[in-house]
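Written out below as structure tokens is the structure these notes cover.
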Amino acid sequence: MDANQLNKPLLLSDGVEPDYVKKSSFLVSSVKWTLKIVMWVIFIAWVGLIFLYPGEIGNQLAEKIINATRGSVFGITGSLFVVFSAPVLIIAFLAVAHLIISGGDVFEKRKTSKSPRFRLWTFPVLVDGPFGVVSAAELIGIILFVVFIFWAVYAYTLRNLSLMTLFDIPSTEKGIVMLELTGLRFGMIGLLCLAFLFLPVARGSLLLRLIDIPFEHATRYHVWLGHLTMTLFTLHGLFYVIAWAIKGTLLKELLEWRNIGIANLPGVISLLAGLFMWVTSLHPVRKDYFELFFYTHQLYVVFVVFLALHVGDFVFSIAAGGIFIFMLDRFLRFCQSRRTVDVLSAKCLPCGTVELVLSKPRNLGYNALSFIFLQVRELSWLQWHPFSVSSSPLDGKYHLSILIKVLGGWTARLRDNILSMSETEPQKDLPFLTKTTITASVEGPYGHESPYHLMYENLILVAGGIGISPFLAILSDILHRVRDGKPCLPRKILLVWAVKKSDELPLLSTIDMELICPFFADKVKIEINIYVTRESEPSLEEGNVHVALNSSACPLSGCNMSILVGTGNNIWSGLYVIISTVGFVISVALLRIFYINPYQVSTWWYQGFLFIACMVASVIIFGGLVISLWHLWDKKVSARDEHEDNDRTKVKSAQSNETVATKDLRQKNLENFTTIQYGSRPDFQEIFGCTSRKWGHVDVGVIVCGPPTLQSSVAKEIRSHNIRRQRHQAIYHFNSHSFDL
């Protein structure tokens, strides 16, 4: 490819791709599809083996694989690791190649289908009940897990009955033996579920990015799996306790710490830690006592470590793959969060909302549906809170913005700090006055790998309260792309926003659509319907612009966000995962060659401890080496960037120099396509019906950000509309964005 070709646009004005792009796209697509097929084959084989394992066929198949690999230096532990944990790590390796080939922040324009179609991930099937809004794909997953549990219990019961006939057990002890065998089987089923439990909470995981499930959605799967796993482990312990109580050896068995075989006391400690986490994670406790939930959930370290001591290394290796991926993500987040981040500006809006503008490096990408975790050290060294990004990546290369609704103690103290910053500005006559600062640290950004908001020509955004925050980013992103001629499908956008009081309306004025894209109404049709639910009529200040109460430029005491995040750079994050995993394998091999085998170490709990110590050491040593090189590379890249300071200055000056007249003009522009209704709630049946009549037989993307009741209401109407859909009506695709609630 010559230099002239490099300067050509990827899409010509008539939408035809150049020949060299077609050839390159075909090759890339072929490699990507090959990788996808290989990953799917490995995943299906892995899940299939786990599903069949409780039965005779699956058990025999696993034994054949174990026997084929038993002669290695890793022994039975290595064999079980290959069967149950290695597949998910191999998929992670292939995901590295897939993400690198796919590129970073690239929007691939897709062809619009001639007729709308249902999609498993976006069609809501269940909207009420304990699971919340459940898509068709999620329902299939739930059914598969339920079937697996019933099948496993049935298969293991048959195997238990078969075992009872092989031994001459006195009739008085048969019941006790059956209880212990049943407890053992429940523990095994729980361990198989544990293999999946930690995968959804690895925020920057390559696996989540591969299937494009953002962390905010994946946490639901962790919750569901957590309830299931802890139910199984509780039954595991309960059956043993009943059996021991019948035998009269309960206290002795609970305190038993065997060297050869299962060590009971570590299992008791692990189960108690799990029960504490489980009880405090229940919705009523988590809702009213979030800090209690947060702090007790750190007991996962105790839970995992003592589980390894309880079962030993070879049994623990069954669930080690998912735990290792989580450890990789957790250490990377720890490294990223050590850096303090510049708060370029902070201001308080009259509706009780705080806006923070944070500094970021140019090469740290995100999209309009991203979110970050924020820590403010003046408020707490332990608390991290998630907030949606309210700015578009195209708003500025070196900053991003978040809107924070003051709802609890932490956010109230943050607002008070910002107010005190403006009150204690250094004065000439009071040079000794100490200025309040905000020391912020950030994890992320995380979010959808694909910009779903750009993939529908017709888009409905439904927000409740501060849920408008990510939609401000979406509107800004779309307008920037339309102005710059970048790939962008949306041409019809309906924003439905429900607020309690009219003092929240100025949040919409934080985005200047006309300034971003002059005459945007000729290119994108935007309609905004606002519902003020707790006011029956406009206030006296209706039509006036609400200015920020306080705006403060914070002293730059930190630096940019760290790029050390799983979503930051595909090559470095891939090297981090691969080298850490290889380092783990090398560590275990060296340990067995030079210590375990020569000294004939046979204590189960001790080998379990050494196994998990190798996992931790490989992440810190081998992964830490990659992170150090990654950090040096980031510093070198940042040093070459000459425009960072100019952009920061522009951010602050643009915010500080905005006049009331400018805001008045912005308000008038908003009024042209905004409808406000007082004393009513959105009627989604009417909204979707009217939209179908206006937009016709098309795909419509619906994104909802608000409380669960709002999400359920929208999902219920989408399901009803799609089921009773008549000819020439739209099909709606449901997506939810759950933070900032």
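Cβ atoms are placed via backbone N, Cα and C, with glycine included.
The annotation transmembrane segment is assigned in TrEMBL to 33-53, 73-101, 131-156, 177-201, 221-245, 257-279, 299-328, 571-596, 608-633. Sequence annotations record features per position, and here TrEMBL assigns domain 'FAD-binding FR-type' to 336-452.
In summary, the transmembrane segment (177-201) does not lie against the transmembrane segment (571-596): fewer than three C-beta pairs, each 6 or more positions apart in sequence, are under 8 Å.
Away from its own ends, the transmembrane segment (33-53) comes close to residues 59, 61-62, 83-84, 87-88, 90-91, 94-95, 97-98, 101, 148, 151, 192, 195, 210 of its chain (Cβ-Cβ under 8 Å, at least six residues beyond either end).
For the transmembrane segment (221-245), the partner stretch with the highest count of Cβ pairs under 8 angstroms, out of 73-101, 131-156, 299-328, is 131-156. Within the model, the domain 'FAD-binding FR-type' (336-452) shows a mean pLDDT value of 81, rounded to a whole number. Within its own chain, the transmembrane segment (608-633) has Cβ neighbours under 8 Å at 77, 304-305, 308-313, 316-317, 320, 323-324, 327-328, 331-332, 335, 562-564, 569, 572, 575-576, 579-584, 586-588, 591, 596, 601, counting only residues six or more beyond its boundaries.
Within its own chain, the transmembrane segment (73-101) is flanked in space by residues 28, 31-32, 35-36, 38-39, 42-43, 45-46, 49-50, 62, 65-67, 192, 195, 199, 205-207, 209-210, 313-315, 317-322, 324-325, 570-571, 573-574, 577-578, 581, 588-589, 592-593, 597, 607, 611, which lie at least six positions past its ends and keep a Cβ under 8 Å from the stretch.
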